[in-house]
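S.K.: The following feature annotations were taken from Swiss-Prot:
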type	residues	note
TRANSMEM	20-40	transmembrane segment
TRANSMEM	59-79	transmembrane segment
TRANSMEM	91-111	transmembrane segment
TRANSMEM	160-180	transmembrane segment
TRANSMEM	209-229	transmembrane segment
TRANSMEM	231-251	transmembrane segment
TRANSMEM	344-364	transmembrane segment
TRANSMEM	367-387	transmembrane segment
Amino acid sequence: MHIDTTAAPVAHAPRPFYRHLYFQVLCAIVAGALIGHFYPETGEALKPLGDAFIKLVKMIIAPVIFLTIVTGLAGMGTLKGVGSVVGKAFGYFLTFSTLALVVGLITANVIRPGAGMNIDPASLDASKVADYASKAHESSLTGFVMDIIPSTITSAFVDGNILQVLFVAILFGIGLILIGDKGKPVVALFEAISHAVFRMVDILMKAAPIGAFGAFAFTIGKYGIASVVNLATLVGTFYLTSALFVIVVLGTVCMLNGFSIFRLISYLKAEILLVLGTSSSESALPSLMEKMEKAGCKRSVVGLVVPTGYSFNLDGTNIYMTLAALFIAQATNTDLTLQQQILLLLVAMLSSKGAAGVTGAGFITLAATLSVVPTVPVAGMALILGVDRFMSECRSITNFIGNAVATVVVSRWEGALDREQFDRVLGGEAGGEVAPIHDLHGAPAGLRLNEASAD
């Protein structure tokens, strides 16, 4: 009797909801919030769980960026393609970063969250923000540009500086383009290494619920829900403004480019919850790059747009800066003319680039902006220090979504978006049908990346 061994494989049954990463992270956030609220000391003690997860992710970011960019650029084959992607990406970044600043400025003038507080600047404890102010003075646009160049090639990876790794990767990728066929063995080697590195990303993402649990328990335990109540108008205004920016502004951009912002958010829900839990958009950077490529964006575009966007396309941080600056002015009864507000916006445009990539960038950049615009008292930052931690989650999520949208849009502009695959993946029809991203000719089936994907 002949047995047919060529029959089509049986479709995999859908996994139970509790095995999806987004559900696990959501449960972890809720559990962390409860622990932090009812057992604050225990919540604070769980901080190492969140810190450890962030360190694990940062450990893998440099190789992910380097390998993605180098193999992507080598695949382009020409320097013209590199210049085209970079030009369109920075055009997008400048446009929407500026728009985010304007939205924050308009919202602050309309809602006026600081009006009626009547705070005397002299009564504020400026020592609380002294460290942030000193860091702001240390950072400058020139220093930022010089910091992009690493002391050595290896120091970029040792320090984990995203922009330095990006700089080295672009130079190396261009070098491979210029040597042509001689570079093919190197590209093949890096393709193989990237396969293993992205499998590591899958493994690390399985620890995401633990990291989110520890980080959120610490946040609630240390700062408490009560600290938000006193400045609820500011926090609420910021969350509302960020939501409107994502839905209206970014949503319109998505619509004009033929896709839905809500479907994109649904596709990235696990990563968004991870960003919420850890208050760090960086924690989801490797996973974002993987998912954008899986959705049909060309690797070369993903490799250039996502890492640079993390420094130059900070929509959430920009909304926060102008909104917080005007809140401080209103709370301290400091009247700003239209010209002064425009100056504030222009300074914020520059300082947001000069302080990119710095730990606590949002608060430091605000200090840098206020120090250049002396009309608004820097000491007023003490007013928002207690709730800044609760606004950082919203900043990070808005930054994250903004960079995801930028990647898809620039890919479409470049003709580097597989539209059929993109629609299928965002429509939830991908299942196991999408080919492995980092496929290797002849690689054993068990080595395929997406089989180990947490979500």
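Here the Cβ of each residue, glycine as well, is placed from N, Cα and C on the backbone.
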S.K.: Could you check whether the transmembrane segment (20-40) packs against the transmembrane segment (91-111) - three or more CB pairs closer than 8 Å, residues at least 6 apart in sequence?
M.R.: no
S.K.: Report yes or no: does the transmembrane segment (160-180) come within contact of the transmembrane segment (231-251), defined as 3 or more CB pairs under 8 Å with a sequence separation of 6 or more?
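M.R.: Result for the transmembrane segment (160-180) with the transmembrane segment (231-251) is no.
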S.K.: Excluding the flanking five residues on each side, which residues at least 6 beyond the ends of the transmembrane segment (91-111) place their CB within less than 8 Å of a CB in that stretch?
M.R.: 233, 237, 240-241, 244-245, 249-250, 253, 308-309, 312-316, 318-323, 325-327, 330, 341, 344-345, 348-349, 352, 402, 406, 409-410
